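As recorded in Swiss-Prot, the features of this protein are as follows:
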TRANSMEM  42-62  transmembrane segment
TRANSMEM  80-100  transmembrane segment
TRANSMEM  117-137  transmembrane segment
TRANSMEM  142-162  transmembrane segment
TRANSMEM  173-193  transmembrane segment
TRANSMEM  197-217  transmembrane segment
TRANSMEM  280-300  transmembrane segment
TRANSMEM  316-336  transmembrane segment
TRANSMEM  344-364  transmembrane segment
TRANSMEM  382-402  transmembrane segment
TRANSMEM  413-433  transmembrane segment
TRANSMEM  443-463  transmembrane segment
Amino acid sequence: MAIREIKDVERGEIVNKVEDLGKPFLTHEDDEKESENNESYLMVLFSTFVAVCGSFEFGSCVGYSAPTQSSIRQDLNLSLAEFSMFGSILTIGAMLGAVMSGKISDFSGRKGAMRTSACFCITGWLAVFFTKGALLLDVGRFFTGYGIGVFSYVVPVYIAEISPKNLRGGLTTLNQLMIVIGSSVSFLIGSLISWKTLALTGLAPCIVLLFGLCFIPESPRWLAKAGHEKEFRVALQKLRGKDADITNEADGIQVSIQALEILPKARIQDLVSKKYGRSVIIGVSLMVFQQFVGINGIGFYASETFVKAGFTSGKLGTIAIACVQVPITVLGTILIDKSGRRPLIMISAGGIFLGCILTGTSFLLKGQSLLLEWVPSLAVGGVLIYVAAFSIGMGPVPWVIMSEIFPINVKGIAGSLVVLVNWSGAWAVSYTFNFLMSWSSPGTFYLYSAFAAATIIFVAKMVPETKGKTLEEIQACIRRET
């Protein structure tokens, strides 16, 4: 039996086309009031807090190697190649986790996927803590990478699926913010404690997450899709408050899921067709540029970079990075829906270009024994400008654009491709960074600056402005320019 009417889950309205499901799932319309004055969002807020413990864990894993490089290499007598493998194998695990995350969360639920992630991360941190050589160290790092690869998918999906319309936009931004906070905390406390103790602190968000999962509901949308009718309504009622009328929303979710099931399933070869080719080029290219401006190399090895620039210790620099990242990320969250995507990412790339030039010049001056008193200041200033610029645009905006340029029927497979490209680039950059620095420290940062300049040109020529447009309008714009 064909579905002729589809209820808008967020507004309780009826629409007449399956195509209306193509509208962006995450919106920022705040002008409508809730119909139920006694509606409670305490469980939504608590559930979000539990979920973003996974985001915090993500940041902790990414930020671990920067303040610990010197001490790990010294204590375990690791070569440059061995530590480079330790730093980069995180992304190999994350690639595998990201590719499998969709199937895991569809099979075991969003909560089940988060449990799986937490268990992998706990196992990984314990392996790092008990290691006495490179092998167990790499195994532990791989396990934490797999865990955060799954987290990178399931946390924002879970938050989006449990949140009411008027809170969804704000709550979903907490994912990126908590990643930054997690990495910043690793930078800060990693400068004060041993690398083994820092590994143990990585257990804390996982333990909080596992404990919290016992008290929060499963995603109502997943329960409905899995056919758990009774559990679906219980979970939705728990999220909306015991006195809230969930009839319209529950019916809308069920009808919406039925409508989605009649859409054609996407195939990998569809992504190279003319219909989707431009969107794929935009999504993949932005992820390539995001990684090849060098963020994971600079982030993973910040401490060692400052030492090479002339500091007796890299701790001051990593602390400064931590202090810059959080407020700038908050600012970027505020600006993204006001300034637009294109201006923000181009300004960000311009700042990255400047930061790379300053940092590269500091190493050039040091190598030529010129203006040595200026070298540390130039290095710190350049890296801080780089980090601030990346945090405000190049970090979050490519993910936002990726979520907007693909229609719903190919979003899953296209998103998997884009995530795989992102983690592949992260691995390549983190693995080659130390080798590039050994080859030429100035050349490394000048190379990254070239990618930043190329980003500006690419965005100006290829990327449409998506602010304030529906998904259909964005796709129409892309087709007109094809």
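Including glycine, each Cβ sits where the backbone N, Cα and C put it.
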Same-chain residue ranges lying at least 6 outside the transmembrane segment (197-217) that approach it to Cβ under 8 Å: 43, 46-47, 49-51, 53-54, 56-57, 60-61, 64, 67-68, 111, 114-115, 118-119, 121-122, 125-126, 128-129, 140, 144, 162, 182, 186, 189-190, 234-235, 238-239
Cβ-based contact of the transmembrane segment (316-336) with the transmembrane segment (80-100), 3 or more pairs under 8 Å: no
Contact between the transmembrane segment (117-137) and the transmembrane segment (280-300) (at least 3 Cβ pairs under 8 Å, separation 6+): no
Range from 42-62, 80-100, 344-364, 443-463 with the greatest count of C-beta pairs under 8 A to the transmembrane segment (413-433): 80-100
Outside the transmembrane segment (280-300), six or more residues from its ends: residues with CB under 8 Å to it: 62-63, 65-66, 87-88, 91, 183, 271-272, 321, 345, 349, 352, 356, 383, 386-387, 390, 394-395, 397-398, 401-402, 405-406, 414, 417-418, 421-422, 425-426, 428-430, 432-434, 436, 444-445, 447-448, 451-452, 454-455, 458-459, 462-463, 478
Long-range Cβ neighbours of the transmembrane segment (42-62) (under 8 Å; 6 or more residues past either end): 90, 114, 117-118, 121, 144-145, 147-148, 151-152, 154-155, 158-159, 162-164, 167, 171, 174-186, 201-202, 205-206, 208-209, 212-213, 215-217, 238-239, 241, 296, 299-300
Cβ contacts under 8 Å made by the transmembrane segment (173-193) with residues that lie 6+ beyond its boundaries: 48, 52-53, 55-64, 66-68, 155-156, 159, 201, 205, 299, 302, 315, 318-319, 321-323, 325-326, 329-330, 333, 391, 395-396, 399
